[in-house]
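Peer 1: Following this message is one structure expressed as structure tokens.
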Amino acid sequence: MCGIVGAIAGRDVVPVLIEGLKRLEYRGYDSSGIAVLESGSIRRVRRTGRVAEMAVAATQEGFTASLGIGHTRWATHGGVTEANAHPHVSHGVVLVHNGIIENHEVQRERLSALGYVFQSQTDTEVIAHLIHYHMQQGDDLLGALQCAVKALTGIYALAVMSEAEPERFVCARMGCPLLIGIGDGEHLVASDISAVIQATRQVIFLEDGDTAEIRRDGISIFNAEQCPVERPLHLSNVSLSSLELGEFRHFMQKEIHEQPRVLADTMEAAIDAAGFPPMLFGAQAESVFRGITGIQILACGTSYYAGLTARYWIEAIAGLPCHVEIASEYRYRKAYVNPQHLVVTISQSGETLDTLEALKYAKALGHRHTLSICNAPDSAIPRISELICYTRAGPEIGVASTKAFTTQLVVLFQLAVALGVLRGAVDAEHEAAYLEQLRQLPCGVQQALNLEPQIAAWAECFASRHHALFLGRGLHYPIALEGALKLKEISYIHAEAYPAGELKHGPLALVDADMPVVVIAPNDSLLEKVKSNMQEVRARGGELFVFADQDSHFSESEGLHVIRTLRHTGVLSPLVHTIPVQLLAYHTALVRGTDVDKPRNLAKSVTVE
């Protein structure tokens, strides 16, 4: 959600800024801009729409400079207009900002009384004027930034330049990700590693309260008390190839097809250990796991559906009660506290604000034990968690999550079995059986991917519909939820999901010949119940699209379409059945001509409320 990039070098940084912003497009945005210091003066270009349009304007205007900053904006305060796009300028001070300033109205009134004139509706312009005000009082750029942020309430990542100090720029972080890229005689800042990987693999992650001065010959970092500090240097393992499309039409399609490999990578430690030791979740995990009496899962969106799936595994395999809650709801209610419950947070980015704040709230309430499941090392959520387990999905560029979801499921399954083994609920024979199911999973997922041509044919039918209903039972109900979410996210077709047994309690009223009904029907203990629910749909003239196992014994007929996956894959069946619903959403969006990787109104990393 929004993106920042800045650079200072002995070369023209405009191509670096443009390429960095293109790498940040996946986060979601509606406008973009860059500002450079050229011959001591600020030059700025902003556009609504795609980064490519802004880049053309910058080229036509002959932008070239050794110092500059850029931004992709996802509108929060103020509409999608060029005036509201970043960078924002105040009397020779120019900045870009991610986050939300909660007290911007108070500051706006104060600054207006001092004679400042506002050109936009944004909260960001307040910060530019505040910094200029403090420079007028005698502070240098860094000091003015440090004074300004003390007056702000909210979250922010900032990069700031001034015509008065053309040999450096400064930045600040509070609640929003920001990193510094360390190059050879050049330095960069960005909200995401993908924006700097073109120039360097060496990065420093700023912490909340940090400010920094960035020069060609070095950097200086200061903590919230304005004392100089050292932050650790990290070598990123992100590759440029992982950020490129290769042979695929969209990143979402690429990421769907990467799942056999990333699932194998994520389960590698368990396979190498020939079991499910607590060590998979950190050195302290065994002592923590032995003392817990329940699990509380907090997550948002797709990660929440991963948590719902995990509840079935944790309760059935480990014999522990498991509660799953949407993070944005949990943090605003007086929640029940049991210090012996393990709080598990799930976030692809590790920066999801509602999940981060829910974790802080849980800790403040008295929850002592926390585990984060995340795809981004050194992000905010893992930094404040007691235990950490990283998925190994690699960069996920498509806004609609695919491989991050299935790798989360693998980690959650490993958690359920590890707890079960430790508690004596899983014996050696069953542990070996679970491990074998895990080994076979990448092959099962690949077989599901081989169904793509059949699923693409279904998409031709779905593309002309306005609504869809997804049904599942037990372990596969959360997969129905995920299928409905994917379809609505990228094809803009209204889709809902229900437990199949709930049809007669309301949703059946919606069923007619124009409502396609997707059913996830593996050959498990609930199959006959699902078949009965399907008959309820057929009796009302509904058209059924069924994802079934090879041995589920469905026969196609008018109004009943069936695609068969491989034979039933036990408790890991939800992962295999995830692939078809991802492909159905993708190909339906393709037929409808929507922007698959950047669906309207959505952002990849939701770092605001």
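Just so it is clear, glycine is given a Cβ too, placed from its N, Cα and C backbone atoms.
Relevant sequence annotations retrieved from Swiss-Prot are reproduced here:
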DOMAIN    2-217  domain 'Glutamine amidotransferase type-2'
ACT_SITE  CYS2  active site, nucleophile
DOMAIN    285-425  domain 'SIS 1'
DOMAIN    458-599  domain 'SIS 2'
ACT_SITE  LYS604  active site, for Fru-6P isomerization activity
Peer 1: Using a 10 Å radius around its CB, how many other CB atoms surround the residue listed as 'active site, nucleophile'?
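Peer 2: Taking every protein chain into account, the count is 26.
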Peer 1: Over the domain 'Glutamine amidotransferase type-2' (2-217), work out the mean pLDDT and round it to an integer.
Peer 2: 94
Peer 1: Taking DSSP states H, G and I as helix and E and B as strand, how many residues of the domain 'SIS 2' (458-599) are helix, strand and coil?
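Peer 2: Residue counts for the domain 'SIS 2' (458-599) by secondary structure: 69 helix, 30 strand, 43 coil.
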Peer 1: Between the residue listed as 'active site, for Fru-6P isomerization activity' and CYS2 (active site, nucleophile), what C-alpha distance do you get in Å?
Peer 2: 9
Peer 1: Please work out the helix, strand and coil residue numbers for the domain 'SIS 1' (285-425) from the DSSP assignment.
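Peer 2: Split into helix, strand and coil, the domain 'SIS 1' (285-425) gives 66 helix, 28 strand, 47 coil.
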